[in-house]
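A quick write-up on the structure given underneath.
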Amino acid sequence: MQTLTVALAVAFAVAMLLVRHRRLHLGVTGDVADRGPQKFHIGTVPRVGGVAVALALAVALGWSAWRGLVGGEAAALLSAGLVALATGLAEDLTKRVSPRVRLLGTVVAAAIALGLTGVHLQRLDLPWVDAWMAWVPPGVALGWAPLGVAITLLGVAGLSHAINIIDGFHGLAAGVGVFMFAALGYVAWVVGDVLVLQMCLAMLGALLGFLLWNYPRGLIFLGDGGAYLVGFWLAQAGVWLVARNPQVSPWFVLLVCAYPVVETLFSIYRKRIVRGRSPAVPDGLHLHMLIHRRLLRWAAGPGAGRDLNARNAATAPYLWGMCAIGVVPAVLWWHNAAVLKASMVLFMIVYLWSYARLLTKRKRGKGG
């Protein structure tokens, strides 16, 4: 628990400094309210919380290394993660980095991690896929399986962006991250994987320290940089847990991350397939936005919209509950692929049903 405590203290202190001295940097780091369909806060807020998370992660891992709990692998992963952080920070500070460039940046971060460590997925607990994932072409000295490498790169980059997609309200992405890292850390502890456990504890502490300033008042935001770093670290923890522990099903990691993964895939479907638009174009139809606009207004009454900041903070707990629908069965049956697959199907049904119900409320509201 020392790793978690160190990370929490550092993240809290750095975030406090960023908030307390925001006048010095708000002109560059500020996120202005009412700019676009995905803005639901008041005033101008610094969106560089990722800096606090990254520094906390680095210090906590350094502490773990000094205690002999982690080695060069942690440093390699942190170095790659800083590339993901920098990619997002460039957008946070300039607002001019295209989605394509940001996607490329996270792919590069994933490639650096793989190149430095050689760790990648080699199974999905799908017999008809696993045979291909384990296939290594003759003459490949490093023993890397092309399909496994491709899925790993896609998964790491995709989860990095998935966390950014759900980062829409106070405490949402960081709170969901707490659930997911706690789940991965628990299973890492059960199977005795010290490295992955330390990775999870470090990020868990960093997110908790950041949350003390982010939730419920929204004094600082995670930003694209922080979201990419959290997603990158989450994906790497999952990949390493599965790659190093054959008793852990890949479906455990997928179910733990079900909320951001399903949100992202469904967003791509409804934008590209249903509406014929680029998935990179922002809109106001993500699940968390529908909850904010419809469910909270119904639950709190017609005056709910008057306090935008309080309504913003009230959104996250609903999505924490959605995340828990995946996390709880994943933790209970982390080694049982059949149950995990069934739970994943159930999660998708619950998600789609919830989305359809909220969308119906939205249409009725417009009609009225």
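Counting begins at 1 with the first residue displayed.
Every residue gets a Cβ built from N, Cα and C, even glycine.
The transmembrane segment annotation in TrEMBL covers 6-23 (among others).
Under the heading transmembrane segment, TrEMBL lists 44-63 (among others).
Annotation source TrEMBL lists transmembrane segment at 69-89 (among others).
According to TrEMBL, the feature transmembrane segment maps to 101-121 (among others). Long-range contacts of the transmembrane segment (101-121) within the same chain: residues 73, 76-77, 79-81, 83-84, 86-88, 90-91, 133, 142-145, 148-149, 151-153, 155-157, 160-161, 224, 228, 231-232, 235-236, 239-240, 242-244, 250, each at least 6 residues beyond the stretch ends and with a Cβ under 8 Å from a Cβ of the stretch.
Summarising the annotation, TrEMBL assigns transmembrane segment to 141-159 (among others).
Marked as Mg(2+) binding site by TrEMBL: ASN164, ASP224. The secondary structure of ASN164 (Mg(2+) binding site), as reduced to three states from DSSP, is helical.
What TrEMBL records for 171-189 (among others) is transmembrane segment.
Sequence annotations record features per position, and here TrEMBL assigns transmembrane segment to 195-213 (among others).
For 225-243 (among others), the entry in TrEMBL reads transmembrane segment.
Counting residues 6+ beyond its ends, the transmembrane segment (249-269) has Cβ neighbours under 8 Å at 121, 123-125, 158-159, 161-163, 165-166, 176, 180, 183-184, 187, 231, 234, 238-239, 241-242, 279, 286-287, 319, 322-323, 325-327, 329-331, 333-337, 340-341, 343-344, 347-348, 351-352, 355 in the same chain. TrEMBL lists 249-269 (among others) with the feature transmembrane segment.
The feature transmembrane segment is assigned by TrEMBL to 316-334 (among others).
The annotation transmembrane segment is assigned in TrEMBL to 340-359 (among others). Remote same-chain residues near the transmembrane segment (340-359) are listed as 249, 251-252, 254-255, 258-259, 262-263, 266, 285, 287, 290-291, 294-295, 322, 325-326, 329-330, 333-334 (criterion: CB distance under 8 Å, separation of at least six residues from the stretch ends).
Most Cβ pairs under 8 A with the transmembrane segment (171-189) among the ranges 6-23, 44-63, 141-159, 195-213, 225-243 are made by 195-213.
A Cβ distance under 8 Å defines the sequence-distant neighbours of the transmembrane segment (141-159), meaning residues of its chain 6+ beyond its ends; these are 103, 106-107, 109-111, 113-114, 118, 120-122, 124, 129, 132-135, 231-232, 234-236, 239, 257, 260-261, 264. Non-local neighbours of the transmembrane segment (69-89) in the same chain are 3, 48, 50-51, 54, 57-58, 61, 97, 101-102, 105-106, 108-110, 112-113, 116-117, 119, 160, 164, 194-195, 198-199, 223-229, 231-233, 236; each lies 6+ residues outside the stretch with a CB under 8 Å from one of its CB atoms. Taking Cβ pairs closer than 8 Å, the transmembrane segment (316-334) reaches residues 166, 169-172, 175-176, 179-180, 183, 186-187, 190, 215, 248-249, 252, 255-259, 287-288, 291, 295, 340, 343-344, 346-347, 350-351, 354 in its own chain, all 6 or more past its ends. For ASP224 (Mg(2+) binding site), other Cβ atoms within 10 Å of its Cβ number 28. Sequence-distant contacts of the transmembrane segment (225-243), counting only residues of its own chain at least 6 positions beyond either end whose CB sits under 8 Å from a CB of the stretch, comprise 48-54, 57, 77, 80-82, 84-92, 102, 105-106, 109-110, 113, 119-123, 152, 155-156, 158-164, 167, 173-174, 177, 180-181, 184, 187-188, 191, 193, 195-196, 199-200, 203, 207, 210, 249-250, 252-253, 256-257, 260.
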